[in-house]
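Inspection log for the structure reproduced underneath, given as structure tokens.
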Amino acid sequence: MPVASLLPFTATPNRKSASPTSFRLTEKFILLLVFSGFITLCFGAIFFLPDSSKLLSGVFFRSSSVEAETMKIKIMKPIHFHINLFTSTYNLPVYSLFIFYLICCHMMQFSWDNYKRYAWGSNELRPISKQGHSSNLFGSLKGATIVDALDTLYIMEMYDEFEAATEWVESNLDFNMNAEISVFEVNIRFVGGLLSAYYLSGKEVFRRKAVELGEKLLPAFKTPTGIPWALLNLKSGIGRNWPWASGGSSILAEYGTLHLEFMHLSELSGRPDFAEKVMNIRKVLNRLDKPQGLYPNYLNPNSGQWGQHHVSVGGLGDSFYEYLLKAWLMSDKTDEEGKKLYYDALQAIEKNLIRKSSGGLTYIAEWKGGLLEHKMGHLTCFAGGMIALGADGGPDDKTGHQMELAAEIARTCHESYARTSMKLGPEAFRFDGGVEAIATRQNEKYFILRPEVIETYMYMWRFTHDPKYRQWGWEAVQALEKYCRVEGGYSGVRDVYANTPNHDDVQQSFYLAETLNSFLPILNITGREWGGGVERERERKKDYCVYVLWQL
């Protein structure tokens, strides 16, 4: 087809130009096409050349560093976010980072849509069976995924989904039932989820429900020492401990992971008894001798004495230490007792548990009656982020050392992923028998969509802006998409060393609430400072989206 036939305006041959320098309409249109093509070529180069990120950050945009700010305990107004991809440098090209962001958003949308389609109102989703799932941790309490994921929905600006979840909470979240629940799990997922949603949105229903549930949990503290039971019947108020827990002991990570939520419940309800319950836990601990300065995982709530001398910064212990640090930060750094307890505990951990392998990997071992077990759990990997978060508050001569230690732990946890076939981390990995950062037992090779490693990447990126943490996060996203995504959602896998996945058919609530949540700060998509933090020991970390230093 002749070019002239494509042009909307063609000058007649006889027409004279208005002036010798004027262009005919045809010439103007061609010039416009050439100019448009040139502009397109320029912007295409910016977005697709290998050094495009440097061009964007150094020429078109000015990088700005945001100073860290610790929020006080107060109700925050809703915070709205905007995509802010071009304000810092990274090794991923801009277009790759944008794809990273879009994939993370799609992962959340896909997870949520399938939960809503197949398991709405249930605690969790079975993405292969395409039906609801619930463990005995929640008794007959319903809606764990809905409540746990409220903050992620809001942060990702999935407001229609957030409103649907809010309506479900208003109409269906009921605590009046004859059911035995895990105090710890219900606190971090339900109370924590409700508090986060309240501080983000300001909706009264979340405050009211959080206080109502907190009141239901108070009978757990009716023990001779005030150390709470692990299990509680919501109707009768009768509590007990897990029968396997060292002669009926309470567990450090469980009774030690109530402090943040209960301090907020006192603030929001005007009732001092919530805060008094968790402050009493500190009094009991302060009276006890600590072997080598360490906190054993088991404490008898009747006698107030330690049970078996087993110390772990992973399962059974982990979030106790995290809550000490974050209690201090959350108090606007006025909780000096929490600060001292944290840094004293960290010093004992470094002296007694932290070791370096012959291959140069730093790991945190477990301590059993004075003997080390050279094993590190996936849950322990939160410690890299925790140590980085607390580095600035320690003694001046320790800040650099603690940041180095945090980076070494992050590297070790990354190696636990890199040394598997699926590039996903096992539940636990060992440093003995000639192996390093590898699971050697079949019951330690599974991956259940846990967030701890991603959370440490998140903290390390926010503090250092080292691009490798973004790269590691991108690797994790690719592995999740390749091996965990199924037709009906995302599933854990039973053996990360296998060539093909054997799925466990569970989409955990913390995958939406924590794992996917933790990718966002790595992408730097938020446009303001706010606290977020992983507290969740698997933390979990129930993002009190308002206190604990998120975007630094």
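Note: Cβ is positioned from N, Cα and C throughout, glycine not excepted.
Residues or ranges marked as transmembrane segment in TrEMBL: 29-49 (among others).
Under the heading transmembrane segment, TrEMBL lists 81-103 (among others).
Residues or ranges marked as active site, proton donor in TrEMBL: E185 (among others). In sequence order, L137, F138 are the residues near E185 (active site, proton donor), counting only same-chain partners six or more apart with C-beta under 8 A.
The Cβ neighbour count for D318 (active site), using a 10 Å radius and every protein chain shown, is 29. Residues or ranges marked as active site by TrEMBL: D318 (among others).
C381 (disulfide bond) has a Cβ environment of 32 other Cβ atoms inside 10 Å. The disulfide bond annotation in TrEMBL covers C381-C413.
Positions annotated as active site, proton donor by TrEMBL: E427 (among others). Residue density at E427 (active site, proton donor): 20 other Cβ atoms are found within 10 A of its Cβ, drawing on all protein chains shown.
Residues or ranges marked as active site in TrEMBL: E452 (among others).
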